[in-house]
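Listed features, source TrEMBL:
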- 79-83, HIS149, ARG195, 247-251, 278-283: ATP binding site (BINDING)
- 1-41: domain 'Phosphagen kinase N-terminal' (DOMAIN)
- 76-326: domain 'Phosphagen kinase C-terminal' (DOMAIN)
Amino acid sequence: MACCKSGAENADSGMGVYAMYPSDYDDLKPYMEAAIKDYHKITTEHVAHVTNWDLDSVKDRLPPGGKLDLTKLGLGMTSMRVRVGRNLSSFPLPGAMTQDDRKNMEAEMVKAFKQLMEDPAYGGNYYSLTPGSPFEVSENFYKHLVKSHIMFKDMAADTYLASAGIASDWPYGRGCYVSADKQFIVWVGEEDHLRIMCMKKGTVLNEVFDRLNGAIKKMESVSGNFAHSKDFGYVTSCPTNLGTGMRASVHIQVPKLTAGGSDAKAKAVCKPLGLSVRGMGGEHTPIGADGTIDLSPSARLCIQEAEIICALYEGIRNLKAEEDKL
Ligand code: ADP
Ligand code: CIR
């Protein structure tokens, strides 16, 4: 069965499953739900995910005034990023797409991006890797986009994605939309049809969270419905991202917890705090030589979007306290 191929070929998989069609989550529910409950450590009989971006509803966890200002935690300018994974309900998920599907999905998105280009809040450019696309960019420009943390790398090197068929047909249907200020970015054709993100060097987490919320509403209005399951929330290729599809991260320097260049201690401290540690180039990359790590709350499912951003703020405070103890 295609959904399990990656796990069968990669014995070290933590999840080992990728959905091939949005409907897989409902059609294969007994199997999917068992795997999802196990990975996301959900203890209720059934998964019942709720979507909620309203920060007002979590105001008890916010500082007075609702501003998640990192200077209050003793941090200076920090690189902040919030992304969500989204898929169009009208196409197979990337593991089951043909080359034509990939090109057609990108063409659908180009129609939506043309509307975004007209909007002063999100206006920018689309860059395509698809040979012959009117938006095609050179190999050198693509490399520059990757180096600038704007575009994603060729996924063929990711053995899990390659086995699942998600990395197939590179570079067809791959591209990215970038706003004029380069802080709103949409990846097309990576692990999900779309990865929508806001990034900023700053100190107030609300700025990236609120802008992303506005951007997603705009995207949904111009690109049609995103695949969604009543029980599991937003549908993603990988069940690890299901629900919110959201990862909210900051780059934070913890030189004591990473002394000797190893992330082992930082990971050990972060795990019970519900936080994940990644490297500076994303998942499975090394941490910064100056002890900078990518820190994000681990939960994606059965947590609300508003709760994730609170969890990031609280996580930074807790991690700083652990660093200061050393
Ligand atoms: P994802 O978050 O989409 O699961 P990765 O962990 O692979 O994927 O990260 C994707 C890219 O985003 C990488 O280039 C990474 O360096 C960049 N990135 C992640 N978090 C931040 C951040 N807080 N500031 C700047 N860049 C970031
Ligand atoms: C695994 O099962 O370990 C791999 N398929 C990757 C799981 C993590 N998911 C992800 O990065 N989206």
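Every residue number used here counts from 1 along the chain in the order it is shown.
In case you wondered, yes, glycine gets a Cβ from its N, Cα and C as well.
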Per-region confidence, the domain 'Phosphagen kinase N-terminal' (1-41) (mean pLDDT, whole number): 95
Lowest local Cβ density among SER79, SER249, which the record lists as binding-site residues, within 10 Å: SER79
Three-class DSSP secondary structure - VAL82 (ATP binding site): strand
Number of helical, extended and coil residues in the domain 'Phosphagen kinase N-terminal' (1-41), per DSSP: 24 helix, 0 strand, 17 coil
Neighbour tally for GLY281 (ATP binding site), based on other Cβ positions within 10 Å of its Cβ: 15
C-beta crowding around ARG195 (ATP binding site), within 10 angstroms: 22
Under 8 Å by Cβ from VAL82 (ATP binding site), same chain, sequence gap 6 or more: MET197, CYS198, VAL208, PHE209, LEU212, MET246, ARG247, ALA248, SER249, ILE309
Nonlocal residues around ARG278 (ATP binding site), in sequence order (Cβ under 8 Å, 6 or more apart): SER249, HIS284, THR285, ILE293, ASP294, SER296
